[in-house]
Amino acid sequence: MSVVEYLKKLSKLHGISGREDSVREFMKKELEKYCDSVEIDNFGNLIAKRGNKGKKIMIAAHMDEIGLMVKYIDDNGFLKFTKIGGIYDPTILNQKVVVHGSKGDLIGVLGSKPPHRMKEEEKTKIIKYEDMFIDIGAESREEAIEMGVNIGTWVSFLSEVYDLGKNRLTGKAFDDRVGCAVLLEVMKRLSEEDIDCQVYAVGTVQEEVGLKGARVSAFKINPDVAIALDVTIAGDHPGIKKEDAPVDLGKGPVVGIVDASGRGLIAHPKVLDMIKAVSEKYKIDVQWEVGEGGTTDATAIHLTREGIPTGVISVPARYIHTPVEVIDKRDLEKTVELVYNCIKEVNNFF
């Protein structure tokens, strides 16, 4: 299975924050083929290890995706919900969803007051998620409950993976099944040869709601160095200034120098030196980023224990946190090469 095939399979799985079971199970079965040990910690993180000597390097990718959770069922069987993770409300209206009921999965659609019944001033306003609902076809509260829906039932977005042109893919949860796919492919390649370091491949939980799993797993592993794998915003489409997001699809993985204007991660200089040297040695094109917006698992990892030298390598993506994220397959493959060779060279830098 190639890294692209891994991504296609992972994207189709459903696993919002705190409900990553199906993603974890798939990754566990794959990593058991390539690693010396695989375990699930008390928090739900998946921790696989390869090698028993040399420096400890932690490679982390979060398994969770954004989603919804049912908080109320009205008398007519419509579901009101809260958001799990960072969602911009207009991107979810009229989308198809999967409601993961106790009796099996149900298809639903997100609805709201139709524009035909809105006043003119209403049409100019953004429809907030509080004014949306999920329609599962139930005709009463009792029927919705009988179908297996309860308070706390989790909901994920329904979206297939499609090829866009020659080199692009679109689908849901590329944030961060992209990182998970890279993690699996890297460990598969490492399984075919001897290594002189200890590699911890970690599928973290609950990144989208506070970087929680990364903090717990990093404390347990206490690595010498860590790299978080994620996506970052590509600014190569209309509506965004190049200076605000100078990252393009198809030009290679992105190395984060700073994110959240320094409130998140300030990447350790030794990690940046390693990535730069490896990219030059193996002729891997990379992009460099100083970010002002969000952050990644790297923020939690680098503040663990006495501090862990940490960096982040991302795959550029368009339309992050929507059901139609877009990435370039070439960036995915180059990210595998970069991470793989960083692991091979880690003892030369730490």
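Including glycine, each Cβ sits where the backbone N, Cα and C put it.
Within its own chain, Glu207 (active site, proton acceptor) has Ser17, His62, Asp64, Asp176, Gly213, Ala214, Thr296, Asp297 as residues 6 or more apart in sequence whose C-beta sits under 8 angstroms from its own. Look at Swiss-Prot and you will find Glu207 tagged as active site, proton acceptor, backed by similarity to another entry.
DSSP assigns His62 (divalent metal cation 1 binding site) to a strand. The Cβ of His62 (divalent metal cation 1 binding site) has 31 other Cβ atoms within 10 Å, all protein chains considered. Marked as divalent metal cation 1 binding site by Swiss-Prot: His62, Asp175, Asp230.
In sequence order, Glu65, Ile66, Asp230, Val231, Ala317, Ile320, His321, Glu325 make up the list of same-chain residues 6 or more apart from Asp175 (divalent metal cation 1 binding site) whose Cβ falls under 8 Å from its Cβ. Residues annotated as divalent metal cation 2 binding site in Swiss-Prot, with similarity to another entry given as evidence: Asp175, Glu208, His321.
Each of Glu65, Ile66, Gly85, Gly86, Ala173, Asp176, Ile320 belongs to the same chain as Asp175, Glu208, His321, is absent from that list, and has a C-beta within 8 angstroms of the C-beta centroid marking the divalent metal cation 2 site. Under 8 Å, Cβ to Cβ, and six or more positions away along its own chain, Glu208 (divalent metal cation 2 binding site) finds Ile16, Ser17, His62, Asp64, Glu65, Ile66, Ile84, Gly85, Gly86. In three-state terms derived from DSSP, Asp175 (divalent metal cation 1 binding site) belongs to a helical segment. All protein chains shown were included, and the count of other CB atoms within 10 Å of the CB of His321 (divalent metal cation 2 binding site) stands at 22.
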